[in-house]
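> This structure is in structure tokens; I'll ask about it shortly.
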Amino acid sequence: MGASIDDYCLIHKKILHSEDLLKYILETSAYPREHEQLKGLREVTEKHEWSSALVPADEGLFLSMLLKLMNAKRTIEIGVYTGYSLLTTALALPEDGKITAIDVNKSFFEIGLPFIQKAGVEHKINFIESEALPVLDQMLQETKEEDLYDYAFVDADKSNYANYHERLVKLVRIGGAILYDNTLWYGSVAYPEYPGLHPEEEVARLSFRNLNTFLAADPRVEISQVSIGDGVTICRRLY
């Protein structure tokens, strides 16, 4: 039986390597402000085999505040897992807000669905079980200029981030935000070589090094790379 991703992720789980400081941030600022259904979902997800894919609570609060500051109403999420960031988004949107959520594995989403239902925000979510690229291509054909999206959050297959970007920069309105998760990849992107990584992690690491260089040079967006969680790059569409 092959090793799970947790077997080779846990050592380099996050950017912040001071466990004491991380604990302080979570216990002082994040957990006290965490919605009760998010807390329940986090605790269930932490017991899951792929728990390393969980968006941390402090990052969730960051996403929530950004959505509210933007007055976002129409959003896209690529990569859902158990739905922590999805529930975060749904809670932050107004009552008539809408999320198009895309993931290849509905069974993971169903782990989080009871918490989404208890939070009373299921009506905001359109979950699509599919690879993301064909769905995005269909959305490009069907979405009118006046119906462009305010915000997109990407936390899916890392080697496709650049492909997602080419679609999202057309689907998200001018002034809207596209966020890419994990762009610092446990800090390993800082090094031309990083021996000892699992082959899948090395592919992701190289993909992120290329993506980071590409986004920094893309004139269609302005960017800010934030060292929260495992690194989040915010792109604001300029044209």
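First residue shown is number 1, and so on along the chain.
Using N, Cα and C of the backbone, Cβ positions are placed for all residues, glycine too.
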> Hey, Swiss-Prot has S-adenosyl-L-methionine bound by VAL55, GLU77, GLY79, VAL80, SER85, ASP103, ASP157. Any idea which of ALA30, ALA132, ALA190 it lists too?
ALA132
> Starting from the Cβ centroid of ASP155, ASP181, ASN182, the recorded divalent metal cation site, name every other residue in that chain with its Cβ within 8 Å, sequence order please.
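So the additional residues around the site are VAL55, GLY79, VAL154, ALA156, TYR180, THR183, GLY229, ASP230, VAL232.
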> Please identify, among the binding-site residues ASP155, ASP181, ASN182, the one with the smallest Cα-Cα distance to ASP103 (S-adenosyl-L-methionine binding site).
ASP155
> Just to confirm: which same-chain residues, 6+ apart in sequence, have a Cβ under 8 Å from the Cβ of ALA132 (S-adenosyl-L-methionine binding site)?
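Non-local contacts for ALA132 (S-adenosyl-L-methionine binding site): ILE78, GLY79, ILE102, ALA156, ASN160, TYR164.
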> Translate the DSSP assignment of SER85 (S-adenosyl-L-methionine binding site) into the three-state scheme.
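Once the DSSP labels are grouped into three classes, SER85 (S-adenosyl-L-methionine binding site) ends up as helix.
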